[in-house]
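> My structure is below; once you've seen it, I'll send some questions.
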Amino acid sequence: MATALLAAAPSSAEAGDGELKVGYYDNKCSGVEDIVRSHVIKAIIQDRGIGGSLIRLIFHDCFVRGCDGSVLLNASDENPRPETAAPVSIGLEGFDILEEIKADLERRCPGVVSCADILIFAARDASSILSNGRVRFDVPAGRLDGVVSSAYEAQAELPDPTFTIRQLIDNFARKNFTVEELVVLSGAHSVGDGHCSSFTARLAAPPDQITPSYRNLLNYRCSRGGGADPAVVNNARDEDLATVARFMPAFVGKLRPVSALDNTYYRNNLDKVVNFNSDWQLLTQDEARGHVREYADNAALWDHDFAASLLKLSKLPMPVGSKGEIRNKCGAINHSKS
């Protein structure tokens, strides 16, 4: 059984105090990454959809205040509107898995492993599992957990699914991501799902923006929510046979029994079989469209570039001067006893 090998980190510190390092926990809490991976494997076996949720969390966390686990903070009396309260955060899941991992690690190594690092490890592992090992990279660790989480900041920093290509390019450029990396990271939409409220305009979009038969399928799915806001799989490949046979019989041969993180997103995009306006918008700009075609034709290249882009994403820092800590639980900041 893994045990704590060194004293716990200080209860709070300033962001930037230490450099991220591969193997950061080797001499602090042995087996951390193996423990995280075992929990992620178990969760995905029980519900494969949770893998896409964990991948989505790394993006939502790191694009807002850097990779500091701030997306994991629950609403509280002191902060009633954390990042998860932002409209752009609708449908975020996977928090319970990360809390389970944190609790396991706290029993073994109290006060050592940050929730921010756990989130990155879990997203990396989910990417690897859903891609059958094709997406893989080493994760440098040593992050602190942030103490600030704001719905306003999340809404301002994260790209909205209604964005135009110009808005998307500008949004990613603010984080020092290129057009190519925008296209690469959009490929995460090969898994997971989205709520109908996130693509309402697509339900009436013209044929040059969405294949009419797929638009009809989305309208059918969204009309069955009983007044709620149902979620629809991002990838038509993951739809059920009966629904696809009814609306898109020519697509039946593309269905797969198991969801996978792969380059099918790009082939679907070229066929205008994607949910979000931000997906289709990639076809409206020459460079972005060229990369969509490139990745549609080269699955191995996308696997490699997606891993590299996730690694770059995982290194986005907290704002200079931010205070950080190692939380006791991922959903709440630590409170001083004084």
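Backbone N, Cα and C define each Cβ position, glycine as well.
Quantities reported herein were computed from a predicted structural model and do not represent experimental measurements.
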> Can you tell which of Cys109, Cys115, Cys196 is bonded to Cys330 by a disulfide, based on TrEMBL?
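Within the candidate set Cys109, Cys115, Cys196, TrEMBL assigns the bond with Cys330 to Cys115.
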> In TrEMBL, Cys109 is disulphide-linked to which residue out of Cys29, Cys62, Cys196?
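Disulfide pairing in TrEMBL: Cys109 with Cys29.
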> Go through the recorded positions Arg56, Cys109, Thr243 and tell me which ones have a CA within 10 A of the CA of Ser70 (Ca(2+) 1 binding site).
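Candidates kept after distance check: none.
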> Taking just the CA atoms, what is the gap between Cys222 (disulfide bond) and Cys330 (disulfide bond) in Å?
33
> Hey, what's the Cβ neighbour count for Asp68 (Ca(2+) 1 binding site) at 10 Å?
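Asp68 (Ca(2+) 1 binding site): 30 neighbouring Cβ atoms within 10 Å.
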> Given the disulfide-bonded residues Cys62, Cys115, Cys196, which lie close to Asp68 (Ca(2+) 1 binding site), meaning Cα to Cα within 10 A?
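Checking each Cα against Asp68 (Ca(2+) 1 binding site), the hits are Cys62, Cys115.
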> Rounded to an integer, what is the Cα-Cα distance in Å between Cys109 (disulfide bond) and Thr243 (Ca(2+) 2 binding site)?
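It is 49 Å, counting Cα to Cα.
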> For the domain 'Plant heme peroxidase family profile' (19-334), what's the model's average pLDDT?
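Reported value for the domain 'Plant heme peroxidase family profile' (19-334) is a mean pLDDT of 97.
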